Amino acid sequence: MTKKRVHELAKELNIENKELINKLMQIGISVKSHMSALENDAVEKVYHQYGKKQEKSSDSANKQIQREHGRGQGMEDKKEKDQLFRPDNAKGPGLVDRVPNRPPDRRYEDKAKVAQKPAQELRGSKTTTNSENEQTAPRQGSAQQSGQGRPQANRPQGSQGRPYGGRPQGGQSRPYGDRPQGGQGRPYGDRPQGGQGRPYGDRPQGGQGRPYGDRPQGGQGRPYGDRPQGGQGRPYGDRPQGGQGRPYGDRPQGGQSRPYGDRPQGGQGRPYGDRPQGGQSRPYGDRPQGGQGRPYGDRPQGGQGRHYGDRPQGGQGRPQGAGRPGANRGAGPSIPKPPEQVAQPKPTKAPDKTKGDRRKNYEKDGKWADGQIEKNKLFKGRNNKNKKRQHQQSAPPPILDKKPVQIAEVITVQELAEKLKKTAAEVIKKLMGLGVLATINQEVDFETATLIAGEYGIETELKVAVDKEALVMAEPEEDEDKLVLRPPVVTIMGHVDHGKTSLLDAIRETNVTAGEAGGITQHIGAYQVERNGKKITFVDTPGHAAFTSMRARGAQITDIAILVVAADDGVMPQTIEAINHAKAANVPIIVAINKMDKPDANPDKVKQELTQHELVVEDWGGDVIAVPVSAKNRTGLDNLLEMILLVAEVHELKANPDRMARGTVVEAELDKGRGPVATVLVQNGTLNVGDTIVVGQVSGRVRAMIDDKGRRVKKAPPSTPVEILGLSDVPEAGDILVAVEDEKLARDVAEKRKIRKREEGLKSSTKISLDDLFKHIQEGQIKELPIIVKADVQGSIEALAQALEKLTTEEVKVNLIHTGVGAVNETDIMLATASNAIVIGFNVRPDNNARKLADAEKVDINLYRVIYEVIDDVKKAMSGLLDPEFKEVVLGHVEVRKTFKASKIGTIAGGYVTEGKIVRDASVRVIRDGIVVFEGKLDSLKRFKDDAKEVAQGYECGLTIDRFNDVQEGDIIEAFTMEAIKREI
């Protein structure tokens, strides 16, 4: 016996190969793949596992025959209906192949022989009784008693199990030849006189090779064999005493040429002929003594409503014989004789036959059989064997449940065409019909897309837009079993020059302060220290007032805040700010009282000042840990580290290293050789080289990672600070880093954020409306100080921008037209030339080309290393833009003692300088009785007919006032001038 392979057995059991392999493993049978061969006992075990027994070949053949010939009741009825009354579907093998003397098809011989024995067992004891009943019944009488005019009724002396009953005394020239009494080599097996085991029953004394057996005293060339005393050429054989040319044989004493034969004593005009003593208007005519309204007429003394009527004393086991569903046993009453002539119904018009059907109905002598042309027109395609086979093989198309097409609020024509499964040209044509001229890349709204889909009968629904940014930023739920302890993140905060970086240097045993400009920290640094086998991550923040955002950012990413306070200086403004940041972030605070080595150190003063800000140390009954240290002498450091580890242990800081990384950008810069570089603190998950990340408005792939000691690493677990390379641009400090799996998703989120920030910048920019235009013209032009800032790191730019924007006043505004990380380049100089801006470089230098271009364009480049100097110089520049204040300075007074009138000059006042001096170009006021009569300019000043620039106190002078001649004796003329005073911010 051939061994079965795994895939063959899986196919037989209708399961997947993988499922079968797993099942074999469970029962102790080892297989390597789906091509492995299985022993018989292994196959038996599998059958036992799935509750299936191994079938024998005879049973399989029997079941196959039962499936082919519709042994079930419901399948039998349906098949018989299709064969009798739906000719287009009756094209199976052995049904209506009318080619004369066609040799038998040997493909069915083996199948019939194998099926003979189980078929005999199925009919068993019923055979003897049926055979005796059929032998005692007269031939013609049996046809009449079983109801004449029935399609495919039994024939006398019939064998059991035949679809059309037995045919005695068969004729010649049948499509499949005669059946002898043994009848070997027939496509459906032998027909013995008992007819057991044949799928279509036996033929008594029959001809060989006929698909439907012999007809008694039959005519030649009939596709369904002879009928007793019947006419020739009928598709279903003769009926006793019947007329010719009827598609279902003769009816007793019936009329000729009716499409479905005569009915005895029947009414005319019925589509399928008359029925004996029947009611009219039935779709298939009357049945003798039958009930009305049955789909296939009455049966004599039979059960009503049966599809194929009764069989007289019929043999059991026949597809249409007695003992089948819908049939009665016993003979019915004789049918009354129908009238000799009945009006012939109008023939039904049918479409022309195909070439293959016409050829099958053409006889050897080149002539058509009697009545064959008309009947072939009625039953087009009945004999098409290939079509029947195709009909059996082709399954009906599955009914698809049409789901609504999801369409976004805005969709391009090309995408809409793809969703509707149409071409873009068809969709554009529909749009033009709606009056919309669109190209394939043009977008249409949801309503228009719905109208187009409705034209094709497709329903639509609005697709809910997925917020990709929310999807990326969503924090997944953590599995408690996967959380492990992580190092604490400690931020060192405090006032400037209180020793924060020196304390961190002492812990790290390095010297960072030596390399800092001005001795102050101006950007965040992240470092990792290992002490007693446990790691601690330190984040150093600036203490200067300009770096508020850095301190706030440091507090947000930290687990523990170390507040450094100088023992000799106490709590200062930035110390208070750091306390507020730590409280806002809900971070535990450890106070490090530094500079204990100084002689004037006073730790109690520090503790007392801390209580004013709700920080009560443990020594005073509070819960705040205070540790005195000296960064210079390196004392108290071990105690400080122990306190850090203690607080971290109490808070049980945990993270999941097996998930996608998430962290915060501590600092970012543009390196000339490496490109954008970001210092990132990984807070959760593990960041690996090659991960796709999105950082604020920037996305990219991690090309390399460098730890705080300058070593390249391949992965960064939680609480690890690393520098990453591979970003598309310099991110902003404080941005959240998220590792994602889809690179396209990262790009989309970054681009969306960039667009949103640009729109926010446009909205926030101050604009002068038409309503305010006249007001601004009257008040004077708004003065702006355009500035271009270039710095070494992103954090410094952030600090500078915030510090400079605070300098803005109502009269002068600081306009940061461009900020960037990296050296000053030619683009910055060209932008400064166009906008008349000043260039500020913080810890960067201009390259040679930029310096040459700046000299040519006369652009001033200001370079700084300390943030104090930047703020002071910008203040001076802004002060120069302010309008000066004017102050009135009184020069002197002149008493008018005599007036003279000159025709060409006007009134000349002669006076005496009583106080100060009087200057020729000075402004004057004419005061009369303490009231200012006129204020204007001095026109001329003379002494003894000579022009004088000024006249001092105690001297006389003559003067004229511009556009004023009403000077009287006794008036006081006050000389004054307006002096401009420079304003400062």
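Cβ coordinates are placed from backbone N, Cα and C, and glycine is handled just like the others.
Quick caveat, the model's predicted, so the values are computed rather than measured.
Feature annotation (Swiss-Prot): of 540-543, 708-711, 764-767, the stretch labelled region 'G3' is 540-543. Within the set 494-501, 598-605, the record from Swiss-Prot flags 494-501 under the feature region 'G1'. In Swiss-Prot, the annotation region 'G4' applies to 594-597, one of the ranges 594-597, 754-757, 810-813. Across the region 'G4' (594-597), DSSP helix (H, G, I), strand (E, B) and coil residues number 0 helix, 1 strand, 3 coil. Each residue in the domain 'tr-type G' (485-654) has a pLDDT score, and their mean in this model is 77.
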